[in-house]
Ligand SMILES: *Cc1c(COP(=O)(O)O)cnc(C)c1O
């Protein structure tokens with residue numbers, strides 16, 4: 001237990017992330033470029049470690065959410081990368097954004113106007129610093145709707161000065177292959193793209209997140225934006241995961257106890273351990289990202305030497321600790337038990353997400369800061 005020092009051990013397999021990137025890229029048939037989404041600190045796994053690895057396997061286009069994230073990436077990566085900011089640029093920050101070499105994704109005609117006004121003189125020629133445009137093709141989140149796009153299309157000079165590097169849109173139901181909204185959004189995006197290209201003929205387009213890459217070539221366009229799949233989340237939830245698992249989380253056992261009489265376990269006394277059962281209390285709770293919503297439903301894998309036994313959680317997850325029912329272990333296994341694996345090959349981030357009524361993405365971005373982190 002030396003490398004745990006009493007805390008949980010979170011292992012992040014950078015080799016698996018690199019391989020997941022090349023697997024995603026291998027699905028692209030028509031010369032489409034494979035970018036990478038590293039927002040939210042690379043989905044909680046550490047952008048400072050992840051982004052350079054992706055660069056090394058050939059990624060040259062990165063997507064962050066905020067300007068702070070973009071600036072961190074800029075400092076980390078060579079000059080020849082493009083960094084897009086998915087949540088755009090705040091009013092008044094345009095110049096700082098351009099000077100940091102970051103490309104904001106603009107979502108209203110007014111933002112396009114301001115981007116040109118703020119950055120148009122930086123190169124003396126009136127052309128704005130590089131920018132990108134996001135269209136809402138049906139998700140009704142960020143992006144221009146039909147009317148706003150029409151407003152822009154009516155000002156071709158403005159569009160040309162905006163120095164657009166990319167037009168993108170995002171699917172709401174890409175993880176449900178066959179969902180009618182996928183085709184509908186594809187048709188809307190294709191139509192809008194044709195209109196934009198009458199004014200900006202070479203404008204590259206990007207539509208696909210991880211799941212949409214798996215929907216097939218029609219969704220790939222010029223550049224794809226995988227995020228979750230790089231980090232091991234299954235982009236095709238109705239089929240086996242084509243990605244390699246990336247994280248493993250092992251929590252040290254603080255106390256083993258034999259229950260002498262039927263006993264309520266944990267806050268709220270929500271579950272009972274029968275007399276004679278064995279419990280393991282591990283270090284790691286909801287403050288560490290073991291979401292409390294999975295209380296009574298989640299499971300882990302007890303590691304006893306080389307033997308692995310799936311064990312259910314017992315009672316509510318606490319802030320710092322979680323209890324498992326390890327009655328399935330033999331006495332010899334119990335004697336060797338030092339850690340319980342919460343995430344790994346057996347229990348994936350998707351499994352834990354399902355147990356907590358959420359998704360693997362939220363499991364990753366909730367991973368706590370108290371673990372020892374080890375990168376492979
Ligand atoms: C987060 C995000 C992605 C990546 O999506 P995944 O489902 O994680 O692959 C792509 N595009 C946009 C606009 C996003 O916000």
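Glycine is treated like the rest: Cβ placed from N, Cα and C.
Long-range Cβ proximity for residue 39 (active site, proton acceptor), meaning a same-chain Cβ under 8 A and a gap of 6 or more residues, is found for 63, 64, 65, 66, 69, 86, 227. Annotation comment: TrEMBL describes 39 (among others) as active site, proton acceptor.
Here TrEMBL flags 267 (among others) as active site, proton acceptor. DSSP gives residue 267 (active site, proton acceptor) a helix state.
DSSP assigns residue 319 (substrate binding site) to coil, not to a helix or a strand. Feature annotation from TrEMBL assigns substrate binding site to 141, 319.
If you look up TrEMBL, you'll see 246-376 marked as domain 'Alanine racemase C-terminal'. Across the domain 'Alanine racemase C-terminal' (246-376), DSSP classifies residues as 29 helix, 54 strand, 48 coil.
Under the heading N6-(pyridoxal phosphate)lysine, TrEMBL lists 39. When secondary structure is read from DSSP and collapsed to three states, residue 39 (active site, proton acceptor) falls in the helix class.
In this structure the C-alpha atoms belonging to residue 267 (active site, proton acceptor) and residue 319 (substrate binding site) are separated by 11 Å.
In the three-state DSSP classification, residue 141 (substrate binding site) falls within coil.
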